[in-house]
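Database features (TrEMBL):
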type	residues	note
DOMAIN	43-299	domain 'G-protein coupled receptors family 1 profile'
TRANSMEM	27-51	transmembrane segment
TRANSMEM	63-83	transmembrane segment
TRANSMEM	103-122	transmembrane segment
TRANSMEM	142-163	transmembrane segment
TRANSMEM	187-217	transmembrane segment
TRANSMEM	238-262	transmembrane segment
TRANSMEM	282-302	transmembrane segment
Amino acid sequence: MVIRNCIYSHTVTTITLTSQWAHFHCLILPPVLAVDVVLGLLGNVVALWIFCFKLKAWNPNNLFLFSLVIADFLALVSLPLRIDALLRGYWVFGDAICRINLFLMFSNRTASIALLTVVAVYRYFKVVHPHHRFNRMTRRQAAVVSLFVWLLVVAPRVPLLAFNHIKGSGDRTQCFFFTSYKEASRAIVVLVAMHRILTVLEFVVPLALLLFCSVRISRFLRQRQMGKPDKVRKAMRVCAAIVAVFMVCFLPTTVTTIGLWAVRSYRPWDCNAFYTFTQLNIVSLGLNFLNSALDPIVYVFSSSMFRKNGQKSRLPAEIRLDRVGHLGIFGILHLVNCV
């Protein structure tokens, strides 16, 4: 049996949990994160190789995709240390690496979501409003937009670098951000609250934009009957698939985060509910980073420009881009000149 402290509003309640439940996330997360890392790094490394050595047409769309790949890559390279800590049961890399690890995980996760949304909005204008001045964006302007997005999403995460997130010592050392501690300062409490607010906003706002862009693109293609009917149907299926992937990857974290808020606000004595939502919230992170593994397939390799470069490259046959290129970003890159 393991004794844990449940802390709300400076009130400490002690509850008893079984060892199996207390270490639930340690059993589930490592294999999930390992799959994310292997699949994600393979896809993102190949995408970076195409960007750096094969791609010659640098338009705004490709600049946004490049930024997306960078964000996904940095998020994924932060995971091996987290996997190691979960398998060992404790953190061995010290305070400085702990801060950097948390900063990379959460800032690049946020950047990935934001840039994914930028790509969706950009292609919405390309398809539905082809004569809008937004479509006359230059490469320099696209670079400025990308830089602004990075600054916007990184700034709220900078405080992660300012505080010590190490708890315990020896084989009980932990580098963790979600758990409340009796000795937690007011600054840490505010930081955790800000993180949870951002977690919800990072889901709700991009999801609304993705739904809007997907519905409008599907309706536009159906009404205008652009291309062959089977291609239009494929476009609408891919629109639905993109939204579905986003919801699967990020809805569980949003629901469990709201659950933690609800327990804290309305049932501050219910420590069992607190730990239930905490464990589920931690496990849901594995799905968050699955999105970074899927992005290269859905948003990069499906680009017609990438397929052309992949077919000309000397990549091994099993990872040739033309094997996955049929997915089609929004299924319309063959219908309109978006890249």
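Even glycines carry a Cβ here, placed using N, Cα and C.
Note that the structure is predicted; figures quoted are calculated from it, not measured.
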**Item:** Range from 63-83, 103-122, 142-163, 187-217, 282-302 with the greatest count of C-beta pairs under 8 A to the transmembrane segment (238-262)
**Value:** 187-217
**Listed stretch, out of 63-83, 103-122, 142-163, that has the most CB pairs under 8 angstroms to the transmembrane segment (187-217)** = 103-122
**Asked** What is the average pLDDT across the domain 'G-protein coupled receptors family 1 profile' (43-299)?
**Response** 85
